Protein chains: 4
Amino acid sequence: MDLVESGRKKIEWVKQHMKVLNTLKEMYMDEQPFKGINVAMSIHLEAKTAYTAVVLHELGANVAITSSNPLSTQDDVAEALKTYGVNVYAKRSTDEELYWKNIDKVLEIKPNIVIDDGADLGIRIVEKFPELLENIWGINEETTTGIKRYKALLNDGKLPVPVIDINDSYMKYLFDNRYGTGQSTWDGIIRSTNLTVAGKNVVVAGYGWCGKGVAMRAKGLGARVIVTEVDPIKAIEAVMDGFSVMPMDEAAKIGDFFVTVTGDIDVITEKHFMMMKDGVVLANAGHFDIEVKVADLERINTEKKEVRPGVTQYTMPNGNKLYLLGMGRLVNLVNGDGHPVEIMDLSFSLQLEGAKYIKEHKGEIEVSVRPVPYEVDLNIAKIKLKTMGIDIDELTPEQIEYLNSWK
Amino acid sequence: MDLVESGRKKIEWVKQHMKVLNTLKEMYMDEQPFKGINVAMSIHLEAKTAYTAVVLHELGANVAITSSNPLSTQDDVAEALKTYGVNVYAKRSTDEELYWKNIDKVLEIKPNIVIDDGADLGIRIVEKFPELLENIWGINEETTTGIKRYKALLNDGKLPVPVIDINDSYMKYLFDNRYGTGQSTWDGIIRSTNLTVAGKNVVVAGYGWCGKGVAMRAKGLGARVIVTEVDPIKAIEAVMDGFSVMPMDEAAKIGDFFVTVTGDIDVITEKHFMMMKDGVVLANAGHFDIEVKVADLERINTEKKEVRPGVTQYTMPNGNKLYLLGMGRLVNLVNGDGHPVEIMDLSFSLQLEGAKYIKEHKGEIEVSVRPVPYEVDLNIAKIKLKTMGIDIDELTPEQIEYLNSWK
Amino acid sequence: MDLVESGRKKIEWVKQHMKVLNTLKEMYMDEQPFKGINVAMSIHLEAKTAYTAVVLHELGANVAITSSNPLSTQDDVAEALKTYGVNVYAKRSTDEELYWKNIDKVLEIKPNIVIDDGADLGIRIVEKFPELLENIWGINEETTTGIKRYKALLNDGKLPVPVIDINDSYMKYLFDNRYGTGQSTWDGIIRSTNLTVAGKNVVVAGYGWCGKGVAMRAKGLGARVIVTEVDPIKAIEAVMDGFSVMPMDEAAKIGDFFVTVTGDIDVITEKHFMMMKDGVVLANAGHFDIEVKVADLERINTEKKEVRPGVTQYTMPNGNKLYLLGMGRLVNLVNGDGHPVEIMDLSFSLQLEGAKYIKEHKGEIEVSVRPVPYEVDLNIAKIKLKTMGIDIDELTPEQIEYLNSWK
Amino acid sequence: MDLVESGRKKIEWVKQHMKVLNTLKEMYMDEQPFKGINVAMSIHLEAKTAYTAVVLHELGANVAITSSNPLSTQDDVAEALKTYGVNVYAKRSTDEELYWKNIDKVLEIKPNIVIDDGADLGIRIVEKFPELLENIWGINEETTTGIKRYKALLNDGKLPVPVIDINDSYMKYLFDNRYGTGQSTWDGIIRSTNLTVAGKNVVVAGYGWCGKGVAMRAKGLGARVIVTEVDPIKAIEAVMDGFSVMPMDEAAKIGDFFVTVTGDIDVITEKHFMMMKDGVVLANAGHFDIEVKVADLERINTEKKEVRPGVTQYTMPNGNKLYLLGMGRLVNLVNGDGHPVEIMDLSFSLQLEGAKYIKEHKGEIEVSVRPVPYEVDLNIAKIKLKTMGIDIDELTPEQIEYLNSWK
């Protein structure tokens, strides 16, 4: 019961600060747009996602939810969420079998709409439960990683239903990926280690929108930032933003903190671990635990122990100690509370709008991967400005005419 | 002769620092890809553009050049450029008639390729010299403003030839618009006024890539930055970047420096001038002198005088003095040397590649407005990294496979 | 027993990262400079202070320790510390009586050296146990607040023994107050609230070294920072650093987060609470819980409840909800782990050196309040550079001669 | 006559923006505190210093002025200043003899008060004109370098009259040295070179208040900053501020821009020049042209020429080209307009107050080197806040009592 109490407090807290989502909820409350619609969700199960599920439920949906990452479930939130009328199948655990069992449980709801985070849910359907596809009108996908996978599926000619690419909506990637990942990654690292960031060499692998956020905040905390990239254009952007750019083979020797945000495998591997200084901290902020190659750490270490909650010390053959945070999984979710509330308010408002769009256009949407329509994005932005009490200018008719003129 | 000497020094200086363009020149020197081709250029005539014209000439082109803004010509550079074998028709002057006369002179070369900056040259052809169109294979356009105009032309069904949208190439807008405009705008303001930026309220109108650069550098100089916008998404981005956002009607009352970078008319007008504090500085970094409404200043002032070179003092009816820089034209070019060299090296390398692309695909390119192919962009980036001596990582086959997989 | 295990892990963790203190320990180990000397400590009892007590003990001292703030004790660390041979009298509690009882317990050791943090221990001796003074050679004081009090005592002619002013040593205030308070205050706020800092109005009351750190990091996290001050010079410094400066009466209306770091009473009081927006967060990073006037909140609220651990929600008569962190006590210690390890390594190395200085000069030091000698400061700096692997330049004889010459 | 017109414009411009000095002038106008008093000034002769001389003259003084650096005189301002009734002996020139001749001319006024910048004037008196000392009541010194020299004189027992150390007044060093040097140094570098700062390695030699300003602005312009230091404490401060710290022997190999602000000789010498990359820029922001060892450049170059105004290209024996700005003299004054106006308003208001203090306490001031009394500093700060329209909080009696209490 303490779990429920603790989880409810967390949900009520985020409810107070998710003002855009609350505005949408009020707008749609009478209409009940999701009445009788089944929604399956796979998403990091903490207070903000829980409240999103609650809102969908309040707007009429039958919701079943599990976590999109074995360690990102907060058990108190999961227990509390059940008391709001949502079907919850999630437990913090490293048990892979349990993870997939819960995914399958969620699918028993026979979803009309799938809300996905990393594509595990949608791809499970394609691979194991194709019979469910006939009821499915569309999928919302939240992350860079999930979009990459759905696009690969599309390229293979195997995408069965339209995917709304929440991740590439402006109100998502400009904010969640950058300011959300930036703040929460450092929250996770700092609270786990109590180490000083100022004056340290921070290596950020990947300078996409998430990497930009992580680098920007590292700089804001007083670090010298080193960026590694594979894309020449992003690499030059990092240089011009005042960061050092070099290959990981060089960065590995001088970094104090390493943060991976590439969406790819094997970014930091054995050869790098063997070059690192004693006492470095390794953290991953990408979707899967594949960027820092944990398998290599597990294989080559001479000693392994947990030295603080969420901090695993691996002793290397050369005697150096490396500290892996959150077992190489998303450090902001496993060692923290995930992205800050107001940022996720934007992303989950897009999720709500995306789901509503799927419902209202069922059967009409091309089977492809694409963002919510620009008007939806714009509307979220307008509501957000309103909740912040900020007015902006409006174009006059003369200004609009000028913009459309070539004279 | 002193003019020529001074101009040659400037051109030789930038030549030493435009390493990407020099790399391309060396690559193409034997091939002489522009041999016998006529190129008409309208562009701010200072050392970097002059050297670009020289390179085109050295690669075989017959080049005729004028300035894209009456006041952005540096007369010494114009005189010197003639000694390099380029046909130059440009003089720093506020004489509108002379401006258009020079444009027409340039067109006498009967261009195959047009290099444009603001679209005055291309639109002049459409309106006055349609007979030239049959020889024209395509147009390169450099600026946000020019692209806007060419797109309006396309929307009106009147675009006659393909336009290569240099402005929307990554290696242009990510760098030139942001780091170029950012540094050079403040260079122009500071050297004109000798005033302190730290601790001041700087109002930046427009938070596109140029506005982002101007705001970022204002913050870097210690200012408090206020952004005005008409786009809700950009407005929220400005908020999250730590800036204040408000309508110009409020910003006008508290700003110390105003910089317009919107590409639109009437951003700061009479009603704002009447609200402003005594002693504020007005600068424009957008293409045309229409953003700060100079006509209103001219009409309502009770006294007007030049108090420093490039600084016009307008006394308002309420007795307050406002200082307009560079007559409301591009402050970085009129009151300074324009964008820094290495930044323009990127933009003009794209121009060279764009021109080469037009030549190599004449007749094949759709009549539309679009960036250089991504490979061209990427190639410029790779050369730039090389000139900076920076290595980056490369994807392994396993990493590439993972990125293309949905499993 | 779990408490001991958890506490020992924390102490071992900081031991690995307090490299300057470890260097000093090794230097002095054979000498055992504190052999037979009694040391009484009052200090926030967490892992870093605990390890400092361990080091003193290992260098020969008999150490008795309590906490300098009722809520800053970490109970696991306190329990673990006992197993290292230190006398510990501390428990996390709001029981004032217990707090003073523990202080008195510590004094039973009949100290030769007092290590104080906020001056509660030293002033307790002056007021209640003057008979202890004959054995006391000197006091180390750590904080701005404690130094203020000891100086007031000196001004009243009541200071009985010399006070080494650790707080005004360069290696303390330049680092601990600024980078330590800056990082740890935001750690405490962010992990307690999971709210976004970017785009928010952060009001920092006080622009001393601590306030500078809090403001700098708020800016680094993307906030707009408002500073309130009573000192005109510091106020102008804040303006020039790009912050807004205004009286609290104005700031109260627009702030989203408030952080007090003044060392004075009544910085935010009823009249301000009544002006504040709904949902603001109140945090104190100053020594005592007097800056945010909690008594006013307690008196005027219509409802009070804990909504997250360490977050008390007070509903105001106007219906607005205010969130007080850590009961108005030091937010970084009560809602977090205090300053980061490597920063405190510097401060506690100064404490060790200060204690050693007191011992070596007993009876010779003037009864006054003053920093450690500059050479001690310099030596800590040199060791720190060495632990970071950083070399710096050395003056040549010619350069030294030039610096000392007026020719 | 054109010179006079140009110089008058500059003086009138700064007059409008030196609001603190104007406030003091108005306060003292009736009193005419300097009536009949002779003031000798040696100071960089540009518009702000000129206006300070004008104000002293308007308050009754007979003023004779020369420049404190052969190349920092702006000839138009010097000519114009004569028309305001000030005795001017200054000309931009590298002629050393002329420089000292002008100093001697100024001394013919038989000063009661000396206003010095770098100590050349005061030390000239001591060495050559000791007979003037009997009339001299005191000296104001503006710079770190000058104070160093006067303190050396004091240590040698040769200081004959009291020196008011303007440089160590809070309202001077916190602002002029930091925000003034920071902005104006980069103004001088950027306008001379038109090179990009973003993405470059900037080496700042010296992390005193001036160096902090130069480094802070380099970072604000997008550079990666490397600091060299000889002081371990300042070195660690630079590290914690996010900069790289290393010896000049290493920094020389990787820097793109070098700025010296140490006040010492031989900071960058032959061995460094020989290690540098092709195309680096060398600038000095310290008082004398001794930091970048120009003599070495002159000796070892294989070719020397001016490639832009104020930019000398030295070709090294290894073929690399180095660009020295302003002949190694103060880059902000020789290649620009010096510190921004509002910053110097503070410094020169202190000069005025310092001169007034000398006059009012003639014969009473100890022969030593010390700042203006704190009350004077505070008063300047209060006036500055007023001119900016900023209110701050005031301590309540309860707050004052608390601060003075040890209870």
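Backbone N, Cα and C atoms are what each Cβ position is placed from, and that goes for glycine too.
Bear in mind that TrEMBL entries carry predicted annotations, made automatically and left uncurated.
Listed in TrEMBL for this protein:
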BINDING   A:143-145, A:208-213, A:E229, A:285-287, A:N332, A:H339  NAD(+) binding site
DOMAIN    A:177-338  domain 'S-adenosyl-L-homocysteine hydrolase NAD binding'
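All protein chains included, A:H287 (NAD(+) binding site) registers 26 other Cβ atoms within 10 Å of its own Cβ. In three-state terms derived from DSSP, A:H287 (NAD(+) binding site) belongs to neither a helical nor a strand segment and is classed as coil. Most Cβ neighbours within 10 Å, among the binding-site residues A:T143, A:T145: A:T143 holds that distinction in the structure as shown. Around the Cβ of A:G213 (NAD(+) binding site), 27 further Cβ atoms fall within 10 Å across all displayed protein chains. Taken as a whole, the domain 'S-adenosyl-L-homocysteine hydrolase NAD binding' (A:177-338) shows an average pLDDT of 97 in this prediction. In sequence order, A:T181, A:T185, A:C210, A:V214, A:V259, A:T260, A:V261, A:L330, A:V331, A:N332 are the residues of the chain that are 6 or more apart from A:A285 (NAD(+) binding site) and have a CB within less than 8 Å of its CB. In this structure, A:G213 (NAD(+) binding site) is part of a helix by DSSP.
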